[in-house]
């Protein structure tokens with residue numbers, strides 16, 4: 001969006017714009033920059049504009065590094081050249097056929113998880129909430145693990161059953177579990193806490209179902225199931241990318257509309273209602289988006305830990321806003337996932353660690369660092 | 001719109017005249033699940049009035065206010081906003097007409113005052129038009145009007161209770177509604193800050209003739225700042241009208257079960273409620289012979305003599321006895337041939353104090369024994385005592401009546 005920086009019209013027009021901007025910090029007032037283009041208008045602080053740009057840079061870097069690293073190292077410049085349509089044929093094939101899907105799926109999955117994490121945390125008004133409490137992840141796990149375990153004996157799941165069966169079962173499982181949570185939590189309106197509690201209950205139920213399936217399974221099947229449960233981009237193909245990116249592409253425009261009531265949902269119900277927000281409708285739409293995003297992301301790469309929990313919190317602290325910022329959370333989720341995957345592939349020699357292990361290992365310390373640091377300065 | 005000096009003269013930051021709104025509840029029944037909180041309620045909120053709803057905790061004040069704000073769907077009856085059923089109007093549209101501030105609103109953690117107040121513009125915005133110049137000037141006006149302009153960039157957590165309340169009020173002001181519903185805007189504030197907030201409300205009303213409905217617990221403040229009082233009890237309106245008409249001692253006793261004195265302060269013209277607390281009410285005991293012919297009988301000889309002669313320590317202290325609860329009066333706890341009996345178990349809790357008995361012609365008192373004794377007055381002995389939990393039984397041959405002292 002092209003935006004016009006405008007000085008606050010409330011201050012005298014004769015003053016130079018810089019003076020207006022400088023006075024914001026001192027005498028308070030309605031801070032931020034007003035962006036107005038035709039009928040479009042928004043208000044934000046410089047930080048809210050700058051941080052996403054930085055995150056986008058980090059994301060692009062991660063993208064290139066992720067494509068460049070591997071058994072056959074390809075220089076970053078060549079990667080850029082190939083992505084722009086040049087490069088030699090061998091490198092082209094390695095990049096387009098093998099490396100790129102992995103990075104694209106990683107970015108899409110990370111963005112989907114970061115976005116749905118921000119939605120759920122905002123609606124639950126609880127920084128510890130994540131889409132997992134909607135039952136999606138555990139539902140998807142039940143679906144995927146049952147296909148792996150029950151679909152064939154001794155690791156026989158392969159071919160179409162693996163390519164299509166596991167993701168489909170994951171999506172069906174995730175959506176079913178989320179529908180169950182929704183229906184059970186719906187009584188007398190959707191209240192944040194009720195969704196949370198019902199979700200935790202369903203999640204516990206489904207987790208025990210997964211455990212039972214794992215115990216029932218053969219060692220080989222159980223091993224495959226564990227890998228899936230950790231979350232991995234190893235098997236990522238263009239098919240996965242095709243599955244995830246449309247969901248994300250649909251979600252982003254929806255988000256630009258839904259982020260409007262989303263901001264007001266952070267108040268208590270009465271205040272939000274008095275501001276004219278249709279609480280249940282807004283919550284349902286937002287939760288539906290979060291569920292679809294999480295389900296497709298989980299279907300593509302398994303339940304990658306911590307991205308949904310940590311990205312919104314990181315974004316919140318970097319932007320210093322009151323509500324989890326949706327776009328920045330998505331961008332951070334994507335960057336975090338790709339960096340974690342790159343590290344998992346390259347930092348441990350021959351051992352390739354699944355991305356799920358690294359996201360937790362990277363995200364958790366950084367979140368703790370932010371908590372400690374902000375605790376010292378702001379008491380938050 | 002020029003940015004004037006902070007908190008300038010009234011009218012300087014006056015918003016364009018907001019749309020008028022007027023509320024009416026008819027035959028209203030409100031419930032949470034199975035629990036009916038408000039029933040058969042009819043109430044009009046006249047345009048341009050400041051109405052304070054008073055009543056004990058749990059009487060349905062806040063519930064009624066939520067229904068007025070279209071936050072609670074009535075089980076029966078309707079709330080009319082400008083003559084239209086409020087639930088037939090879109091929530092957004094109601095939010096442009098009615099501002100509502102809950103009792104303890106919850107702000108997102110870390111939100112700044114400016115952001116909070118800016119959220120008040122929500123009903124005037126849409127997903128693509130989120131910060132028009134109208135929004136900006138309305139927010140700035142609200143910030144200046146509440147004296148929060150200098151604190152606009154501060155997070156809510158760092159503010160004092162008074163500043164926080166002012167920020168919330170600024171948010172509802174930024175909504176620019178002709179009707180303000182405030183649920184206990186003075187909770188958790190000390191007296192000076194309660195006055196501060198209510199002064200602000202009064203000024204807002206005076207400047208733009210906004211209609212204000214607020215729930216208040218401080219009765220004297222309600223009388224001071226409201227043009228109309230509505231007293232509620234058990235989900236019903238018990239009294240409504242001017243503070244002078246509504247705020248009476250009888251109403252307080254009825255609605256709050258509070259014994260209080262109402263004093264009118266001539267200097268300020270305000271009404272002061274002086275609560276009397278748990279000390280039992282004074283009652284007048286009227287003791288008279290059941291047989292009119294015994295009119296000459298003197299309780300003096302029966303143990304009910306004037307207590308003027310009694311020892312101070314004994315005066316007014318009843319002595320309970322175990323045998324059926326007779327009580328004697330006076331220094332010696334004389335056999336209670338005539339006195340009141342106390343028939344319940346917790347005799348030790350009772351207090352009974354007062355002056356001596358006086359002879360009075362009972363027929364002179366309206367409503368007492370009239371017609372029983374045509375032509376001849378009956379002699380009674382009257383005195384005023386404080387009694388808690390009275391249940392009087394008299395010895396045969398005598399009647400005793402307790403009457404609330406005025």
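Using the three backbone atoms N, Cα and C, a Cβ is placed for every residue, glycine included.
Positions annotated as region 'Disordered' by TrEMBL: A:1-24.
Residues of the same chain lying 6 or more positions beyond the ends of the transmembrane segment (A:48-68) and with a Cβ under 8 Å from any Cβ of it are 32-33, 74-76, 78-80, 83, 95, 99-100, 102-103, 106-107, 315, 318-319, 321, 325, 327-328, 331-332, 334-335, 338-339, 341-342. The annotation transmembrane segment is assigned in TrEMBL to A:48-68 (among others).
Outside the transmembrane segment (A:103-124), and at least 6 residues removed from its termini, the chain residues within Cβ reach (under 8 Å) are 59, 62-63, 66-67, 130-131, 133-134, 192-193, 195-196, 233, 236-237, 240-241, 244-245, 247-248, 251, 255, 262, 265-266, 283, 286-287, 289-291, 293-294, 296-297, 300-301, 304, 307-313, 315, 323-326, 329-338, 341, 355. Under the heading transmembrane segment, TrEMBL lists A:103-124 (among others).
Feature annotation from TrEMBL assigns transmembrane segment to A:136-157 (among others).
According to TrEMBL, the feature transmembrane segment maps to A:164-184 (among others).
Look at TrEMBL and you will find A:196-215 (among others) tagged as transmembrane segment.
Marked as transmembrane segment by TrEMBL: A:241-265 (among others).
Here TrEMBL flags A:285-310 (among others) as transmembrane segment.
The transmembrane segment annotation in TrEMBL covers A:322-340 (among others).
The transmembrane segment annotation in TrEMBL covers A:352-372 (among others). Sequence-distant contacts of the transmembrane segment (A:352-372) (same chain, six or more residues past either end, CB-CB distance under 8 Å): 106, 227, 230-234, 301-307, 309-311, 313-314, 317, 336-337, 339-341, 343-345.
Note: the stretches the transmembrane segment (A:241-265) and the transmembrane segment (A:285-310) are in contact (3+ CB pairs below 8 A, sequence gap of 6 or more).
Listed as Cβ neighbours of the transmembrane segment (A:285-310) (distance under 8 Å, sequence separation of 6 or more from its ends, same chain) are residues 105-106, 108-110, 112-117, 119-120, 122-123, 128, 130-132, 134, 136-137, 139-141, 144, 166-168, 170-171, 174-175, 178, 182, 190, 195, 227-233, 236, 240-241, 243-244, 247-248, 251, 254-255, 258, 261-262, 265, 333, 336-337, 354-357, 359-360, 363-364, 366-367.
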